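Visitor: Annotations for this protein, taken from Swiss-Prot, read as follows:
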BINDING   K23, S24, R28, S168, Q170, D316, K343  3-phosphoshikimate binding site
BINDING   K23, G95, R123, Q170, R347, R389  phosphoenolpyruvate binding site
ACT_SITE  D316  active site, proton acceptor
Amino acid sequence: MKERTIQPVNNGLNGNITIPGDKSISHRAVMFGAIAEGKTTIKGFLPGADCLSTISCFKEMGVDIVQNGDEVTVVGKGLEGLQEPKAVLDVGNSGTTIRLMSGILANTPFFSCVQGDASIAKRPMKRVTNPLKQMGANIDGREEGTFTPLTIRGGDLKAIEYTSPVASAQVKSAILLAGLRAEGVTAVTEPHISRDHTERMLEAFGVKVTREGKTVKLAGGQKLTATDVQVPGDVSSAAFFLVAGAIIPNSKLVLENVGMNPTRTGIIDVLEKMGATFTVEPINEGASEPAANITIETSSLKGIEIGGDIIPRLIDEIPVIALAATQAEGITVIKDAHELKVKETNRIDTVVAELTKLGARIEATDDGMIIYGKSVLKGNTVNSYGDHRIGMMLAIAGCLAEGKTTIEDAEAVGVSYPTFFEELQKLAK
């Protein structure tokens, strides 16, 4: 278990930073390339542990994939060309891999067994396995398919019209991917619109997808045609530096190539509402996944209320939004965020516990947290508990705290941002 010591940043964070590739888009580019016909080249791929797990699983199913840094070539097998894996498919720490891949495996006529690490073993799979079973897939797991390992015997599926109890891009994507080889039109309706990378990328690969309000539909029997994918920077990774630029005194940062998919930019809306000073310069208008350069500088923030439809657009950014709120004048209330409980950790509990250790005034609620600003943070020993987003949030907090902060289990950040600590060090000079 590796530790990292963070010293206070006295002269602010300054400079330009190119944000690494979007994790959600990198996963999908590899998966869709694997089931497409032809060769897909991916540029800007995120070579973090989670996305490498996706590559490894599809290689196990006979797909020819060559990865060189942030460039990946996938020679697709088509929807019917995947081979039965001889070994267990290991997704590591990646919830995206297991949930989306389950949709693909559900319609593939062979047997597979899928498992992950200790964190994956605690995450609920029934939200995906139940609708896939309704389509006709034969899936089992611990506690009737609630937890991994999962065994999947795929085959002929029937389309369903599914109303999801949660706004989850992973649930929606698994059902749509299963629907590619199902008989009929598959439809998924959500309580709020979740991130739409799957829909955008399926369209880029030649699949006709229909969107009507909170419902997404596709007809079975459509083929994917290989296409080249340019992955923009991950706004969830950018969020840590956006908040750092806003709350650490004497800072000015330019974040280059940040993905600006409107289903993901809740963090931008929240920072604007809190009073942050920043500019957004679009750089690839017309692309299926928009991107921009963002300049942000030290700002006076104020507390706000965050809840409702915006939550699915910033669910992964809530840990660092909570940190921003500790430096805002007044009270910030985060609600409707039950999904935080089923992430890599229960993020309501871990955010509250670890920020409290640093001197923040913050309390947990059933569906979020209440943060009382403005707090003076003081260095302490804290723990990521193996959660990459908690680890990065604590590192930014450490830059601001008085005295040194030691982060236990700091290597967890490599899941989504392998160069995070090096970038932070560079900007602090």
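Glycine residues also receive a Cβ, built from the backbone N, Cα and C atoms like all the rest.
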Visitor: Which one is it: of the binding-site residues G95, R123, R389, whose Cα lies the shortest distance from the Cα of D316 (3-phosphoshikimate binding site)?
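Guide: Checked the binding-site residues G95, R123, R389; minimum Cα distance to D316 (3-phosphoshikimate binding site) goes to R389.
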Visitor: Given the binding-site residues G95, R123, R347, R389, which one's Cα is the least distant from that of R28 (3-phosphoshikimate binding site)?
Guide: G95
Visitor: What whole-number Å value do you get for the CA-CA distance of R389 (phosphoenolpyruvate binding site) and Q170 (3-phosphoshikimate binding site)?
Guide: 18
Visitor: Please list residues from the chain of K343 (3-phosphoshikimate binding site) whose Cβ is under 8 angstroms from its Cβ, counting only those at least six apart in sequence.
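Guide: Long-range Cβ contacts: D316, D387, R389.
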Visitor: What three-state class does DSSP give S168 (3-phosphoshikimate binding site)?
Guide: coil
Visitor: Roughly how many Å lie between the Cα atoms of G95 (phosphoenolpyruvate binding site) and S168 (3-phosphoshikimate binding site), rounded to a whole value?
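Guide: Cα-Cα, rounded: 12 Å.
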Visitor: How big is the 3-phosphoshikimate site in terms of the longest C-alpha to C-alpha distance among K23, S24, R28, S168, Q170, D316, K343, in angstrom?
Guide: 19
Visitor: Let me know the most crowded of the binding-site residues, choosing from S24, S168 and counting other Cβ atoms within 10 Å.
Guide: S24
Visitor: Counting across all protein chains shown, how many other Cβ atoms sit within 10 Å of the Cβ of R123 (phosphoenolpyruvate binding site)?
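Guide: 18, counting other Cβ atoms within 10 Å of R123 (phosphoenolpyruvate binding site).
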